[in-house]
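Quick notes on the structure that follows.
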Ligand SMILES: [Zn+2]
């Protein structure tokens, strides 16, 4: 991959000509397609962002991630601040150089993972103190500290520091948490400062309560962000409840800015979110499932560990152009999974990420041509068929 033009520090990359911007090219129903422009390149939307938790998309070389068609990936503030630390990454030239990925990077704020991974958390108006899940060391995250870490990493799209309760939670808890997140959104905006070429996204909260979502959206819009995320979903509420919320939540956010649904999802979650007006998503599912022998295909999920594949010389998906499908049989994929060979996770992750990016590309094409509904019907019909019969 080519190197950044110049990057003595993760925080000083700037191209004089390009600023962060978003342009919509077409809409079809509520589904939208467009382009986010950044100094590090364009992000075609709707976009799926593979997750590179610890400065790597597990089992993938960065060149391979790019070859699947990904325009952007996601890094996790919580993991990187603990190991190897944001200060070390900054001293080594920033996250792009550190992990050899010169396209855009979005980092989360650390808030969500502090709540799910760290121990002895203490939440106050100021922020969160917690102990590392790695070595028990004590740390603090606040809106100001999260902005500092994401700047040191050199993240192109920075997320506001927020707090979100797991669902189900009672309304009062959701309301208090949302209002705290809105105060933190203002502090995040103030701490982020003026950084041409970089973007700060606000995060809408409010659980499954339509009026709280509306209040949150209004508050964020008043502060003003380069993009808006829908947070607090995919936390155990189920697809029906999530789609119920997505029937109104994206509409509450500005039309002319990218909308990012955090932590979603399965292929059908992604299609349903795009149908409802979402532009960006991220999820560990394609990479994590690849490491546990699960492949997502046009005909549904294939569990490569099943004995039915042991003698099957056919590819996982004969129409897929990824290396796992072009060059290897189901029998081989089954064998290396059973033998716990590393190439098993490598090939299945590649296939899954390739399939996810194919869904995104074909949705972009369908929206541009005004045939999203027909595309969606075909997508669901293919999945309903199920896997090819065993030999
Ligand atoms: Zn494939």
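Just so you know, glycine gets a Cβ as well, placed from its N, Cα and C.
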Legend entry - Listed in TrEMBL for the substrate site shared with 108, 109, 110, 111, 112, 162, 232, one of 186, 205, 255: 205
Legend entry - Zn(2+) binding, same site as 320, 322, 325 - TrEMBL member from 299, 309, 351, 380: 351
Inset, instruction - Could you tell me which of the ranges 263-269, 270-276, 277-283, 284-290 is annotated in TrEMBL as region 'RNA binding'? - result: 263-269
Legend entry - Check: same-chain CB within 8 A of Zn(2+) site center, minus 320, 322, 325, 351: 315, 316, 317, 321, 323, 324, 326, 350, 354, 355
Legend entry - Distant-in-sequence neighbours of the region 'RNA binding' (263-269), which means Cβ under 8 A and at least six residues beyond its ends: 112, 233-235, 239, 242, 281-283, 285, 296, 355-356, 359, 379-380, 383
Inset, instruction - For the recorded substrate site, enumerate neighbouring residues of the same chain (Cβ within 8 Å of the Cβ centroid of 108, 109, 110, 111, 112, 162, 205, 232, site residues themselves excluded), in sequence order. - result: 159, 160, 161, 163, 164, 181, 203, 231, 262
Legend entry - Within the predicted model, mean pLDDT of the domain 'tRNA-guanine(15) transglycosylase-like' (30-383): 97
Inset, instruction - Starting from each candidate's C-beta and looking 10 angstroms out, tell me which of the binding-site residues 110, 111, 232 has the most other C-beta atoms. - result: 232
